[in-house]
Amino acid sequence: MGTRCEGLRDSLSPIAYYEEYSHFRLDCLKIDDNKELSMSANEDLAKERARCDFNVSEITNILDGGIERTKQRKKIESIALSNGKCCDVTPEETLGPKERYENAIRKSCLYTKIVKDQVLTLTGLEVLGSNSSVLRRTADAFFKDISPFLLHLGMFVPTIMGQGTPEQQSYWLPRALDFQIIGTYAQTELGHGTFIRGLETTATYDPDTEEFVIHSPRLTSYKWWAGGLGKTSNYCIVVAQLYTQGKCYGIHPFIVQIRDEDTHMPLPGVRVGEIGPRMGFNTADNGFLGFDHYRIPRNHMLMKNSQVLKDGTYVKVASHSKLTYGTMVFVRVMLVNEVAFNLAKAATIAVRYSAVRRQSEKISGEPEPQIIDYVTQQHKLFVCIATAHALQLSSNWLWKTFSAVLADMRGGNTENLPELHALSSCLKALSTSDSAALIEQCRLACGGHGYMLSSNLPLLYSFVTATRTYEGDYTVLLLQTARFLIKAWEQAESGNPVTPTVSYMEEAVVGNKYKWNGSAEGIIKAAYYVAAGKISSSVTSIRKRMKNGKAFEDAWELTGVQLVAAAEAHCRAVICDVYRKETVRLTANSSPNVKTVMDQLNMLYLSHWALERTGDLLRYTSTTEDDIISCQQRYEELLAAIRPNAVGLVDAFDFPDEILQSTLGAYDGRVYERLMEEALKSPLNAEPVNRSFHQYLKPLMQGKL
Ligand SMILES: CCCCCCCCCCCCCC(=O)SCCNC(=O)CCNC(=O)[C@H](O)C(C)(C)COP(=O)(O)OP(=O)(O)OC[C@H]1O[C@@H](n2cnc3c(N)ncnc32)[C@H](O)[C@@H]1OP(=O)(O)O
Ligand SMILES: Cc1cc2nc3c(=O)[nH]c(=O)nc-3n(C[C@H](O)[C@H](O)[C@H](O)COP(=O)(O)OP(=O)(O)OC[C@H]3O[C@@H](n4cnc5c(N)ncnc54)[C@H](O)[C@@H]3O)c2cc1C
């Protein structure tokens, strides 16, 4: 084995070396062990599928948004997946940082070409809007980590669409959509991410040349974090403080060219690079960017919401001051879907693995059970399936709300923007936080093998945990929702009408305590009463502090912990409500067994959160200990009822193996064979003896070091 491998490393590039060599090693295994790795599917999984009592594709269609959308998704997936060149023969995580980046660019270009040549012609631009999750999902067959192009379609293009004038859009969009230019979104700086009014990059208008001068006055004003900025993008949206006629008008978006379109060299006055290794996103070349009095034409300011005329006059066009924040709202809406889909992947991996894995003895001497038969394992996993459903359906609902508010705003009506901001903020915060925690729960549910990168659970976690921070940190966004809730509470108290998502306050301000009722509707109502109770307590605390002499801002700040909890409770109630209503609506014409299993999952989610919040229920409603006991009993019955359908439920997410990219979660359940196959691809297995033995180990062991 050793002799066949020696010398290869010297003659081949690292990637070619690994590609070449991994075949040798699989060969070697067969020869050395004199037996082939099993190719047959796992029997336990086959049995699980046989016992599933509902039509799997019916639930797939519900989750996709209808049978036609399932067909379209599958068509797009098959176009992308039929291109065999997407595969990595060597796991990308075993490559060095440069090779990983280069490999990510190779795959991004390949994928982009497929999307441009075949997918866009099939779907039109729709695939970049409400249907963009299909593109993201398919892209995961190409990337285990993140594509350096994510920000191009995720934020650069949406910012031009949302913040550019029609003329600007017609100039930039064709070039961007054709990938003649690649862009990103550089807002965050070394010194500020959350407090964007505090950004330090300046764009000062010079009427003599009709240009803006972009400048980074100090180290903390360097842009930091933008995905694809370090090495890939040649353009970016730069968010900077606009100065004209000696006055600062706050932050505005500008399109800035940072690299030469031909040589790709950074342009004079631009300092750009990659920010170094991160917990995840390591193929996304997140970058830094600084400017030294760098000039751009006047019309590179995105001028849909406000303009600077040739003479330097500032003109405000938009009717709402926060429309410049529009791209962030859009991405927050998209992220709810994004994390729902990643949680569904983790649940698929962990449930299938739990059906394959056998461990311990329930009864001494009896065969080891599948670990999915432990009720504690069901408790860990079934809520993950239910949450993936809850977030998927909430994200569809949020998208519809977003589209309706956008349509209003096109007609000049921004009345519903505060409610949309409050909703998208808390749904982004809770969905990312829940998904990250539950993906980690899936990893833990897979024991030691879940810790393997080849399970894909660590990468899913590292990606999703970042979503809790970026596009607005969890706490910060919940505090934004709390602002809205406190105002709404005050309106309800004074008898004024409130918007639909907070209409529960009208009943709650009277001070009634809600009597527990274990039905779905009863639990949802209780959740709203908990939210109302927490909002009311926050209002009381703020008022008390102000009465004791604190300014409103100080009273608000001191009440922060309660405010975050109130916003969290409000959002949980909204998710419970939307999940229930959408489940009932979407299964109205379903077959009886689909209706039953979707109802069970929904009830499981509601009961789970009731039990997680028993303290709140006892405090803010008239729930008794007996009610909690019956809720616990119902929850345990639901675990047992869902158990036979668990594998069917994750199959309904319909992830091809190429997208799941997991040794533990593949459809055929060949867990152990795949783990070994992947282990054999490790570069450390490329030679029987590593050279460090001769350099260090041997001298140490022989006392010659
Ligand atoms: C292909 C598709 C792929 C899809 C996947 C995409 C993946 C992409 C990957 C992405 C990778 C990562 C990419 C990235 O990470 S890009 C960087 C993202 N950065 C952030 O998200 C920064 C977070 N910070 C903020 O948003 C603001 O600074 C906040 C909001 C915290 C405060 O802000 P500010 O200090 O200015 O405001 P104020 O507190 O004085 O409040 C003043 C008033 O304004 C209202 N207000 C505030 N904001 C909004 C709003 N938006 N719409 C409507 N209204 C809004 C507010 O409620 C208040 O109202 P009122 O109480 O006075 O009535
Ligand atoms: C993987 C990744 C990719 C990213 N991609 C991009 C990108 O493409 N483009 C881009 O522009 N940015 C990007 N970012 C930056 C991201 O948007 C910011 O990191 C994020 O908005 C949080 O801001 P911050 O880092 O300044 O955190 P900080 O605001 O410094 O937060 C630190 C802590 O302080 C708390 N805190 C802050 N303000 C308050 C407050 N008012 N009240 C209470 N608590 C508060 C927070 O809750 C948090 O616990 C990315 C970040 C990551 C991790």
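Each Cβ is built from the backbone N, Cα and C atoms, and glycine gets one as well.
Quick caveat, the model's predicted, so the values are computed rather than measured.
Going by TrEMBL, these are the annotated features:
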ACT_SITE  GLU471  active site, proton acceptor
BINDING   THR188, GLY227  FAD binding site
DOMAIN    55-182  domain 'Acyl-coenzyme A oxidase N-terminal'
DOMAIN    325-486  domain 'Acyl-CoA oxidase C-alpha1'
DOMAIN    521-702  domain 'Acyl-CoA oxidase C-terminal'
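Annotated features, which come from TrEMBL, shown on the structure.
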residue	record	Cβ contacts under 8 Å, 6 or more apart
THR188	FAD binding site	LYS223, TRP224, TRP225, ALA226
GLY227	FAD binding site	ILE146, PRO148, LEU150, LEU151, GLY154, THR184, PHE281, ALA284, ASP285, ASN286
GLU471	active site, proton acceptor	MET328, VAL331, ARG332, LEU335, LYS428
